[in-house]
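Undergrad: So TrEMBL has the following annotated:
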COMPBIAS  319-329  compositional bias 'Polar residues'
REGION    303-338  region 'Disordered'
TRANSMEM  22-44  transmembrane segment
TRANSMEM  56-76  transmembrane segment
TRANSMEM  88-109  transmembrane segment
TRANSMEM  130-149  transmembrane segment
TRANSMEM  161-189  transmembrane segment
TRANSMEM  210-229  transmembrane segment
Amino acid sequence: MGVTSDPVFTQPGLVGPDNLEIISEFISLVCITVLASAIGSKTFGEKIKTINYGRIMVIFLYFLSWSFATTSAVVVSTNNNNMTSCTLGMLSCDIFYAGSKIVVYAWLIERIHLVTAVKTPRLKTCIYKFHLILLCPYIIIFALMLTYRNIYLEPDGKCTIGLQLIASIPLLLLNLYLTWLFMAPLMNVGLTSRANWKRSRLYKLARRTLVSSIVSLLISFANVLVVVITHGHERGLVCLTMCTVDVTINAVVVHWVTTNRSSNSKDAKNKTFHTADHMSAELTFDSPEPGDNQPKFEFASIQGLDRDSKLNEEEDSSGESIRSTQISHLSAKPLHSY
């Protein structure tokens, strides 16, 4: 006779993906595709000698966002009943997500400098140095994120991650302050300037930068607010999915700001763009070469010679506004694709 024993029943926890996990994986794949397309669009035909500080920030932002989305997709599919995967999910938030936010803020600082201090070196403007100083608290907040965090498995095997209040509340307050700080100067740009200046490329850049600031900062604020409300006890896949959507929207908004396709068919044929990043190079880095026959923008082409003569008469009283307009229209040669 064979020896038999009573069967032992165990609680295996979650087995196989549930509906939320399937939805999360689908969202992650869509975000990865979008971010990969953005990286390809920005780097296609790019040369090392044409890369400046603004372009480096944009490409680095795309890379960090894509890295976070890819890591999240892998972690979400393995974090049930897996403490190692659960911990890696939290680390990806601390490194890639937080890193992408710092890059976004650095990029916004560059945009604000561009539209408020034309042709002025960065480190010679007080507002630029003040904004850089405000990035320093992120070092302290990053240390708090690594120290005061929640990582554990529920009895049914679900991974739960998040930040404790001592780390999430300072992050929330800093995001709220930066939202106001970045939006204030952009909302004031052009309010007291001429109507002609509002037709310039510089004004369009300021308007687009304002939109990107509102979208990027408010989404980040809402995401951190959810962490505070839940006291840092979110299911891992929910937290990672929200952060993935967050960084993807930020990247899409930055892509929209830095890529302004010209409607001119000749430019489209030659694969040229009028871009904000090339404008950044013109206004912040480059100066016209001696003898360079680059026609300056003339208001007479829009409103007639009478309007042009009137502007010349008023130049002494508002020379700064006109000078900014002329600088913003300094280059009439085709802009290279970026």
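Using the three backbone atoms N, Cα and C, a Cβ is placed for every residue, glycine included.
Unlike curated records, TrEMBL annotations are generated automatically.
Walk me through the surroundings of each of these features.
TA: Only residues 6 or more beyond the boundaries of the transmembrane segment (88-109), in the same chain, are considered here, and those with a CB under 8 A from a CB of the stretch are 54, 57-58, 60-61, 64-65, 67-68, 71-72, 75-76, 79, 128, 131-132, 135, 138, 142, 145-146, 149, 151, 159, 161, 178, 182, 209, 212-213, 216, 220, 236, 239-240, 243, 246-247, 250, 254.
Sequence-distant contacts of the transmembrane segment (130-149), counting only residues of its own chain at least 6 positions beyond either end whose CB sits under 8 Å from a CB of the stretch, comprise 90, 93-94, 98, 102, 105-106, 109, 112, 161-164, 166-167, 170-171, 174, 178, 181, 232.
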Undergrad: Other than its close neighbours in sequence, what residues sit by the transmembrane segment (22-44), given a CB gap under 8 Å and a spacing of at least six beyond its ends?
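TA: For the transmembrane segment (22-44), the nonlocal Cβ contacts are 55, 58-59, 62-63, 65-66, 69-70, 72-73, 76-77, 237-238, 240-241, 244-245, 247-248, 251-252, 255, 258-259, 337-338.
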Undergrad: Going along the chain, which residues at least six beyond the ends of the transmembrane segment (56-76) come within the CB cut-off of under 8 Å?
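TA: Long-range Cβ neighbours of the transmembrane segment (56-76): 21, 24-25, 28-29, 31-32, 35-36, 38-39, 42-43, 85-86, 88-89, 92-93, 96-97, 99-100, 103-104, 106-107, 110, 236-237, 240-241, 243-244, 247-248, 250-251, 254-255, 258, 277.
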